[in-house]
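I have placed the structure first, in the form of structure tokens, so that the comments after it can refer back to it.
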């Protein structure tokens with residue numbers, strides 16, 4: 001979701017027959033293409049090992065990168081599908097999604113993706129797509145922080161364009177209402193279970209003061225804080241998130257175990273200590289989502305299992321397969337014809 005994000009773990013084997021087929025909102029992808037975990041077994045057998053090793057190196061240098069890489073995959077898939085459009089820099093006819101409100105000054109981890117792509121181009125040129133790199137790196141980031149593992153369906157190709165307007169309009173924002181957030185998920189073929197489970201990625205990572213300031217000072221335009229926010233927690237947040245200034249000050253999304261993928265995110269919501277409005281409304285604005293929050297707070301195994309399933313489902317949003325799109329040599333720009 002809009003600020004830094006977090007996600008991840010425990011080995012969950014998924015029935016590929018039901019989840020690996022390319023997904024488009026409303027049905028199949030219409031092109032007969034599908035994704036499967038063994039896609040690179042012959043063309044680039046070292047691909048997943050290369051991604052894993054570079055993610056591990058980046059994480060050792062900066063643990064925050066795990067949440068950032070998961071967030072890149074999420075923000076990519078919600079715009080035009082999982083096609084690496086987010087990775088494109090502005091050039092010619094392309095207005096980069098990196099400039100959108102959800103991504104500007106907050107999307108990060110691009111250099112790690114560049115390093116992975118460079119290594120893969122040396123190992124097996126023009127074989128592994130940037131879109132697949134995002135999907136694998138997201139899984140590996142989850143695992144390395146203690147979350148579940150899953151087999152990543154592969155075979156996505158990269159787009160030749162981006163959508164700045166799509167990035168501004170389709171990615172849920174931290175100040176959105178519950179219904180707006182759910183609607184944006186449902187447009188992608190995701191349901192309320194996916195919404196709550198994927199929000200659990202906020203068990204790791206950080207968010208900026210500017211993303212939740214209104215909850216501290218003016219939640220409903222009445223110059224009052226959000227009544228659903230624990231008063232002592234709010235007072236603590238105000239210490240580093242003033243009424244004005246400090247916009248880029250970072251706060252843990254899960255203050256209890258900020259670098260470990262676990263279910264404390266949900267436990268925090270039950271205590272009124274969700275950082276973002278988009279987090280807390282999962283408990284306060286919908287009975288079904290509130291029940292899921294309580295379930296995942298009590299049972300981390302169920303959360304891990306559903307998170308893995310929902311990540312596979314999200315990774316199957318409108319992928320480019322077959323001859324559509326291309327395999328970029330550089331994730332930041334389209335190939336020259």
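Going from the start of the chain as shown, residues are counted 1 onward.
Cβ coordinates are placed from backbone N, Cα and C, and glycine is handled just like the others.
Remember, TrEMBL labels are computer predictions, not curated facts.
Quantities reported herein were computed from a predicted structural model and do not represent experimental measurements.
As written in TrEMBL, here are the features:
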type	residues	note
SIGNAL	1-22	signal peptide
DISULFID	44-124	disulfide bond
SITE	71	site 'Transition state stabilizer'
ACT_SITE	75	active site, proton acceptor
BINDING	76, 79, 81, 83, 85, 97	Ca(2+) 1 binding site
DISULFID	77-82	disulfide bond
DISULFID	130-331	disulfide bond
BINDING	203, 254, 262	Ca(2+) 2 binding site
DISULFID	209-241	disulfide bond
Quiz item: Between residue 76 (Ca(2+) 1 binding site) and residue 82 (disulfide bond), what is the CA-CA distance rounded to a whole number of Å?
Solution: 6
Quiz item: What residue among the recorded positions 77, 79 has the most other CB atoms lying within 10 A of its CB?
Solution: 77
Self-check item: Using Cα positions only, nearest of the recorded positions to residue 262 (Ca(2+) 2 binding site) (71, 81, 85, 241, 331)
Solution: 71
Practice problem: Compare the C-alpha of residue 124 (disulfide bond) with the C-alpha of each of the recorded positions 75, 81, 85, 203, 254, and give the closest one. | Solution: 85
Quiz prompt | Surrounding CB atoms that lie within 10 Å of the CB of residue 81 (Ca(2+) 1 binding site), all protein chains | solution = 25
Exercise. Return the member of 71, 83, 97 nearest to residue 203 (Ca(2+) 2 binding site) in space, with distance defined Cα to Cα and candidates limited to these recorded positions.
Key: 71
Quiz item: Could you state the CA-to-CA distance between residue 82 (disulfide bond) and the residue listed as 'active site, proton acceptor' to the nearest Å?
Solution: 9
Quiz item: How many whole Å apart are the CA atoms of residue 75 (active site, proton acceptor) and residue 97 (Ca(2+) 1 binding site)?
Solution: 9
Self-check item: Ca(2+) 1 site shell beyond 76, 79, 81, 83, 85, 97, criterion: Cβ within 8 Å of Cβ centroid
Solution: 75, 77, 78, 80, 82, 84, 86, 159, 162, 163, 166, 167
Quiz item: Roughly how many angstrom lie between the C-alpha atoms of residue 71 (site 'Transition state stabilizer') and residue 77 (disulfide bond)?
Solution: 10
Quiz item: Can you name the recorded positions among 85, 209, 241 whose CA is within 10 A of the CA of residue 331 (disulfide bond)?
Solution: 85
Quiz item: C-alpha of residue 83 (Ca(2+) 1 binding site) to C-alpha of residue 241 (disulfide bond): distance in Å?
Solution: 36
Quiz item: Relative to the Cβ position of residue 124 (disulfide bond), how many further Cβ atoms are located within 10 Å?
Solution: 15
Exercise. Would you mind ranking the binding-site residues 85, 203 by how many other Cβ atoms sit within 10 Å of each Cβ and giving me the lowest?
Key: 85
